[in-house]
């Protein structure tokens with residue numbers, strides 16, 4: 001280690017402090033939601049702002065867990081997220097790799113892909129396509145129409161292009177087939193990019209809302225975001241309307257404690273994924289693979 | 001034009017290709033199932049005479065499961081294959097557009113009254129069944145007053161059936177215990193109300209020695225609107241311009257007076273601080289945490305959880321419901337409730353299948369029955385069945401029906417297209433039966449009684465759809481709300497009122513007024529109606 005000057009250290013300390021504060025700011029809302037969800041409605045009303053529950057109550061969670069709806073939709077979302085991410089990564093990686101090789105029509109295919117980045121068909125045409133191919137009311141309707149993100153595909157293709165050609169050639173010399181090169185050389189080298197795009201896809205699938213409403217007729221297949229919004233939304237919707245419509249509803253919305261508990265339960269699972277994938281981002285992979 | 005069409009078809013083709021490709025990639029591994037609920041509406045299984053009936057409507061909150069015991073009971077009782085899709089209310093208009101555009105419109109279609117812009121258009125295109133001939137055959141339809149058919153009548157043809165909602169008005173309740181502590185009477189006009197609310201702010205009405213209370217709870221978009229009659233109501237057509245046209249309350253003299261009133265309270269710090277950015281939930285909290293002394297009270301939909309919490313915080317809280325104020329033009333009374341909140345239309349194709357149509361209307365009639373509290377038990381067989389049977393679907397405690405585990409769906413009522421009872425004018429909807437907290441029951445009873453003591457204004461704008469309103473209405477409303485909020489907080493002088501109104505009129509407001517008044521004339525609404 002080289003000797004560091006005092007200014008260096010001070011800058012480091014300031015940096016560290018600043019980042020810590022920013023990190024804390026990110027934790028703040030979560031802590032608030034957490035605390036409200038474990039407080040009684042009375043405490044929430046009485047205190048200006050809750051940072052930690054004074055009297056721990058689990059009423060809100062009992063209410064949520066009492067209905068199968070919530071748990072089932074968590075299951076649905078987990079399924080969509082896991083299957084969807086695998087499908088998406090598989091399709092994106094194979095297509096991106098394919099487009100790095102000399103395939104006839106490569107340019108046209110690329111152009112078509114870029115085209116979808118700029119224009120999309122809109123809700124009703126997409127709905128019609130989903131309906132006509134028979135995906136209606138299937139959880140696959142949340143996966144297949146958005147299985148490949150054009151943006152991710154192009155970035156991943158760029159990533160494959162950045163892998164030195166010598167590696168492919170070395171594989172070929174050793175008698176590997178194209179498939180073998182892809183699975184044994186390219187994929188292992190792309191772990192960081194797979195982890196990054198996997199995370200993007202996973203979060204995307206976990207947050208699916210509109211497609212759930214649009215394509216699923218059976219409420220038992222609703223993903224968590226739909227169920228969650230049905231618990232939380234009424235306040236926002238009527239605030240936007242600017243009238244008293246909400247008070248004339250047949251049923252008043254659930255108290256804020258239940259809403260916060262629902263938000264927390266719907267956010268935690270996807271939040272937990274982050275630390276597991278994070279380690280892959282940091283690893284440099286290509287180091288030392290090509291000499292000379 | 002041509003270029004655009006080409007683009008669209010290219011995109012559609014590209015999408016089809018990619019969808020087909022991805023589909024192929026997954027063949028074998030997928031668990032794709034064909035949709036069980038999608039069917040062509042007119043299709044029915046003739047041999048067994050089991051009609052397949054489909055519907056779509058919106059829901060707030062989460063629906064009962066589709067495999068609930070209640071749905072099986074429903075199918076058995078009526079010998080049908082019945083399924084109503086309940087779509088989250090928030091995105092319902094989009095979903096409905098997609099479903100209708102795809103050509104698979106179900107037999108029954110629900111609409112939310114406040115978001116039914118598509119209804120008249122689709123009706124004119126012949127999508128819906130004309131109902132005129134069937135109304136006399138069903139008592140619950142016959143009971144619907146003429147003016148409530150108006151919103152669904154296009155060129156003399158009725159295309160929709162309203163579901164009941166209260167005609168009773170909402171009002172505002174004030175902390176009676178605070179009034180008593182300060183020796184003040186219940187205010188009867190805006191001057192008294194202002195001085196009372198300022199006293200709530202300065203004179204420690206809860207006698208705890210701290211200055212921790214204030215007058216009224218109010219939030220963004222000047223909500224609640226604190227209109228003590230149609231003269232001040234922002235979303236009613238009550239005032240008339242010099243040509244005799246009705247104008248929206250938002251730009252009326254009454255609203256201007258109300259804004260001046262708010263401005264006075266704002267200067268005295270007697271309304272919610274930062275109200276311009278406080279959302280509805282937080283506005284609620286201001287009152288139910290015993291900080292503010294005045295808030296909205298409605299005949300139904302009040303949250304007992306919040307009331308219970310308020311009474312824990314402030315056990316001596318008492319409430320007085322404010323009566324309507326005497327307006328400068330001599331009127332006194334609130335704007336009546338709309339009388340319907342949702343309505344249903346039916347697929348025009350049902351005309352070809354009278355047997356199925358009869359079944360649908362019979363079921364509609366059944367699920368719209370009203371059961372007075374005395375019959376909300378096993379003594380009424382229909383009620384008992386509708387709520388899943390006493391002991392299994394509901395239990396009766398203190399004479400009140402309590403549904404057991406509604407999220408399991410063992411009660412048939414969940415599954416009907418329209419499960420709102422139609423309450424006849426001479427029947428008592430018994431709003432208070434929804435609550436167990438005595439003080440909330442008291443407030444509700446007082447409110448209903450007050451509704452009966454005064455005439456209510458029947459506003460002409462119920463169920464009017466105007467094209468300009470649909471296109472620009474929301475934006476213009478937001479513009480007015482923003483400018484009026486600025487006036488309350490003193491960022492813009494109230495003397496700018498006419499300038500703001502003129503801007504509203506020139507940006508499309510006069511078009512909206514014209515379109516509304518054309519409908520009023522068509523419906524024969526000239527004189528203001530009070531009932």
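Numbering starts at 1 and runs along the chain as it is shown here.
Note: Cβ is positioned from N, Cα and C throughout, glycine not excepted.
The feature domain 'ABC transmembrane type-1' is assigned by TrEMBL to A:74-277.
Here TrEMBL flags A:12-34 (among others) as transmembrane segment. If you look at the transmembrane segment (A:12-34), the same-chain residues 6 or more away from its ends with a CB under 8 A from one of its CBs are 49-52, 260, 263-264, 267.
Residues 139, 142-144, 147-149, 152-154, 156-157, 159-160, 182, 186-187, 190, 194, 197-198, 201-202, 205-206, 208, 221-225, 269-270 of the same chain lie 6+ residues outside the transmembrane segment (A:76-97) yet bring a C-beta within less than 8 angstroms of a C-beta in it. What TrEMBL records for A:76-97 (among others) is transmembrane segment.
Summarising the annotation, TrEMBL assigns transmembrane segment to A:109-130 (among others).
Sequence annotations record features per position, and here TrEMBL assigns transmembrane segment to A:142-160 (among others).
For A:181-206 (among others), the entry in TrEMBL reads transmembrane segment. With a threshold of 8 Å between CB atoms, the same-chain residues lying at least 6 positions outside the transmembrane segment (A:181-206) that come near it are 77, 80-81, 84-85, 88-89, 92-94, 97, 142-143, 146, 149, 152, 155-156, 159-160, 163, 167-168, 171-172, 224-225, 269-270, 273-274, 277, 280-281, 283, 285-286, 289.
Long-range contacts of the transmembrane segment (A:256-277) within the same chain, counting only residues at least 6 positions beyond its ends with a Cβ under 8 Å from a Cβ of the stretch, are 30, 33-34, 36-37, 39-41, 44, 59-61, 63-64, 70, 74, 77-78, 81, 195-196, 198-199, 202-203, 206-207, 224-225, 228, 231-232, 235. Annotation source TrEMBL lists transmembrane segment at A:256-277 (among others).
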